[in-house]
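Database features, via TrEMBL:
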- 15-35: transmembrane segment (TRANSMEM)
- 47-71: transmembrane segment (TRANSMEM)
- 83-105: transmembrane segment (TRANSMEM)
- 135-154: transmembrane segment (TRANSMEM)
- 166-187: transmembrane segment (TRANSMEM)
- 207-227: transmembrane segment (TRANSMEM)
- 239-261: transmembrane segment (TRANSMEM)
- 281-301: transmembrane segment (TRANSMEM)
- 336-355: transmembrane segment (TRANSMEM)
- 361-379: transmembrane segment (TRANSMEM)
- 391-414: transmembrane segment (TRANSMEM)
- 420-438: transmembrane segment (TRANSMEM)
Amino acid sequence: MGEDSNNKVVLERKITLWNGVGIIVGSIIGSGIFLSPAGVYTYTESVGFSLVVWCLSGVLSTLGALCYAELGVLITRSGGDYAYLLEAFGPLVGFLRLWIALFIIRPTTQAIVALTFAEYAAKPFFPNCVIPQDLIKLLGAICLCLLTAINCISTKLSMKVQDIFTAGKLIALISIIAMGVYGMIISDTNNFDDAWSGDYDAKKICYAFMQGLFAFGGWNYLNFVTGELQDPYKNLPRAIYIGMPIVTIIYCLTNLAYFAVLTGAEMKASIAVAVTFGNKIFGSLAWLIPIFVALSTFGGVNGVIFTSARLFATGANEGHLPSFFALFHVTKQTPIPSLIFSCLVSLIMIMFGNAFELVNYFSQALWLSIAACVGGLIWMRKTKPDAPRPIKVNIIIPWIFLIICLGLVLTPSFTEPMNLAINILITLSGVPFYFLCVKWKNKPAAYKKVSKSVEKFCQILFSSVFIDEESH
Ligand code: LEU
């Protein structure tokens, strides 16, 4: 770490290429691959088409990640989608993305993955009965607080957690794949007979993709922390090129393994496919599966926490969030106020909200904002044609991604417009706050005094200083 002439901390770039791969793979593999296969199958009712949905979800996510590789080397600051929308479409659009991330997308994602962790961590202790809801909430809260503390203590430590758990979840999925192969060998499975008969309804297909894409969610997380990535021009695209094929191949093989062992009816009836799979084929080692899921989700929560805090810090640097969000600990170089705030909102969500219901509402907003970023890439090719682009994807890639993404998100809205309307309303609810908090510069002296005091208080309490993004 260094200090520049303005007494601002210059952040060291601590994230290596392999940490970057760990962030991508470790953020993507969370709860989805253990739960969503049932959802995909329920909507398609076809083994063959379910597998197609998984493969195409991987391909679509990879196309998106390629577009984000271009965006990430064009705009190398942290903040991901927020930074790109800000650059492409200006401060209001950027602020609205930050707004939904701050209060809905990030806390809900953290809450969901933490609650899934809690459920599976508790499962071995309640093999034959229902786990009390309060215990699940308590364990979820402990998971969030513990990981937030680790993230406050050191970036290196949180990267270690990410790497270890990523390795753990890869081992878990590889064991599932191996057991699937074993299952195919020992039993004469006919689960793949009649693989293509199914329910090919456009709306249901879109929902099936949404389930698959949730499990692939997280492919853009490294873009949220590019400001701390070593040699981002080389390492961002490399991490994407290494990470995305690994996840896509593993996910497709894992689904093949599930289908090799479970019948369609078993798949549909299962709340947690991996557990049903384990009970059927792991024998006396079936208890391992909930532990696998717990480990995987624990690492997943770490990825969301790590990247959320950097997003909020970038927002504060831009003047879109209170300045204390941009404070980093003077020696540990971690964004402590931002981490604590993000943990608190998630805790509130766990205690009082229903994160699982909310996910239905925000998934459209999330995908629309990803589409907007890719639209921004196309737009910036026109508005900033000469900006250096160490990576320039073929223009056909963003167009294909944009069209498919909009098709998937908007098709269900023709028959169920309410969800989209709620998404748009939630996003637009940020507009008054933008004008009040960001646009209005001549705020009363009393307001300025209070906010300065809060800033000073946080600086002292968390031994923090502002970082200098420019010096990266
Ligand atoms: N892909 C992650 C999971 O399956 C979710 C994502 C939104 C971080 O848990």
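Cβ coordinates come from backbone N, Cα and C, glycine included.
When the stretches 15-35, 83-105, 207-227, 239-261, 336-355 are ranked by Cβ pairs under 8 Å to the transmembrane segment (281-301), first place goes to 15-35. Taking every recorded stretch in 15-35, 239-261, 361-379 and counting its Cβ pairs under 8 Å to the transmembrane segment (83-105), the highest total belongs to 361-379. When each of 135-154, 207-227, 336-355 is scored by its Cβ pairs under 8 Å to the transmembrane segment (391-414), the top-ranked stretch turns out to be 207-227. The stretch from 135-154, 207-227, 239-261, 361-379 with the most CB pairs below 8 A to the transmembrane segment (336-355) is 135-154. Recorded stretches compared: 135-154, 207-227, 239-261; the one with the most Cβ pairs under 8 Å to the transmembrane segment (361-379) is 207-227. If one looks beyond the transmembrane segment (207-227) by at least 6 residues along the same chain, the residues whose Cβ comes under 8 Å of a Cβ in the stretch are 11, 15, 20, 23-24, 27-28, 30, 32-33, 36, 39-40, 43-44, 49-50, 53-54, 56-58, 60-62, 64-65, 68, 71-72, 76-81, 109, 236, 239-240, 243-244, 247-248, 251, 300, 303-304, 306-308, 310-311, 314, 359, 363, 366-367, 370, 408, 412, 469, 472.
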